[in-house]
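A.B. asks: Below is a structure I'd like to ask you about.
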Amino acid sequence: MSTPSRFKKDKEIIAEYESQVKEIRAQLVEQQKCLEQQTEMRVQLLQDLQDFFRKKAEIETEYSRNLEKLAERFMAKTRSTKDHQQYKKDQNLLSPVNCWYLLLNQVRRESKDHATLSDIYLNNVIMRFMQISEDSTRMFKKSKEIAFQLHEDLMKVLNELYTVMKTYHMYHAESISAESKLKEAEKQEEKQIGRSGDPVFHIRLEERHQRRSSVKKIEKMKEKRQAKYSENKLKSIKARNEYLLTLEATNASVFKYYIHDLSDLIDCCDLGYHASLNRALRTYLSAEYNLETSRHEGLDIIENAVDNLEPRSDKQRFMEMYPAAFCPPMKFEFQSHMGDEVCQVSAQQPVQAELMLRYQQLQSRLATLKIENEEVKKTTEATLQTIQDMVTIEDYDVSECFQHSRSTESVKSTVSETYLSKPSIAKRRANQQETEQFYFMKLREYLEGSNLITKLQAKHDLLQRTLGEGHRAEYMTTRPPNVPPKPQKHRKSRPRSQYNTKLFNGDLETFVKDSGQVIPLIVESCIRFINLYGLQHQGIFRVSGSQVEVNDIKNSFER
């Protein structure tokens, strides 16, 4: 009757394990879909930006031609007039006529500026968006390869846990069976001893001899079953210990993947995207600011949006959009078997010496792995910094394209060169791709090493707690750089305000009246910063910062 019950219990345990693994597997698939969807959305966004700027360039070109026709129409009309002859002679005109000529010159200048703007859109901005689209697709493919490797490693860990759990169940079942047989032998021995105690005067000599022989057989059977039980019990203890160690290592690996590795994979997909998009949009801003300074108010809104291109907040939002995919799963719990209430690693004899040796081996191997992985980490960080230096170069200023002179040369002679035609750009991109390849190789090596350290560290710590040997070793699984530091931006200088009242150490009412700001800019900035980062940082606006940085920020707001 015990066999069906045991089989049913094993079946429930296996079903629960498979259900949890199935959920994790579904999450891994969903994560890949989310990352792929994000890349597709980026490519589509970049395509829309290209179409937008291509159409805008056509409009600017048409506008430039219309302005040129307008200016030429009236310039041809005035060339035969006396005023024009007088202008060619001594350039001395009445003020209304002089204004008229200046107005026509201004129209021609605007025509040239809009032609320059159209050329920048076609040969600079659009080409940048094309490059970003290619880079985003390439980054996703490389990140996808690493993700598949991590998924395979994670499933290997889960399969290993399943195998160890089945082994533990098998040995524990054998131990229970051996114990049952031993108890049966003991009962037979007691029964035989009870018969031996009957009055001997009724038993013949031959029967007496048979009883003694039977008692000896039962004693010999009991000894065999006792030895079998001890052997199976020892196997059961070892199997349970291995199961608990593997369980701890599996939970540590799963936790590391969801808390650290996922974040690193998203960073890989984002590598260079925000910085490159920042450069492309800043090229557009530079052209627009040089074209028409009176449009600063409207362009400030766009620049503010460009300033807010930040991978950390994007990543946070992205993960919050798909909580079901990126939420870490529940830890695997120890599944007791057939009333086995021991849920800790047993360090008693005869397994204590084996556990001690294993603990020492883990400690030695961890020390070596941590040193090696730390070196790989340093190389990864240095390579990442090199990539960041490449993608944050400030090459978006096109102010030299808007230099005007009295020359009547064709517009095409003064426009910017095609962005991709510059040799230095092609060489820099080749170096960037080569560095990216090295970075992904080192990142893969680092993640594999840190995964191994995580598993070994979990087993090491559990053994250390079990054996009671001092404090737990410091957890050395370090993360690779999460997000590159935001490149420092140099805002273009704006006309200084006409008010002199100080914002800091001054009167607030006087400042509001003098500046015309109903809500001071610093208050809006602080509120915006709290909305963006208030939930991710502890002690925001409470923990004191560097006084030098505080003074710099104050001076920036005063300006």
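Note that Cβ sites are derived from N, Cα and C of the backbone, with glycine treated the same way.
Automated prediction, rather than curation, is the source of TrEMBL annotations.
The model shown is predicted, which means the values in this text are computed figures rather than measured ones.
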A.B. asks: Would you please say which range out of 7-34, 35-62, 119-146 has the annotation coiled coil in TrEMBL?
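C.D. replies: In TrEMBL, the coiled coil feature sits at 7-34.
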A.B. asks: Scan 296-323, 352-379, 380-407 against TrEMBL and say which stretch is down as coiled coil.
C.D. replies: 352-379
A.B. asks: Do any residues, 6 or more residues outside the coiled coil (7-34), come within under 8 Å Cβ-to-Cβ of it, and if so which ones?
C.D. replies: 144, 147, 151, 154-155, 158, 161-162, 165, 169, 254, 262, 318, 322, 324-326, 329-330, 332, 335, 337-338
A.B. asks: Restricting to the domain 'Rho-GAP' (506-559), report the mean pLDDT as a whole number.
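C.D. replies: The average pLDDT of the model in the domain 'Rho-GAP' (506-559) works out to 72.
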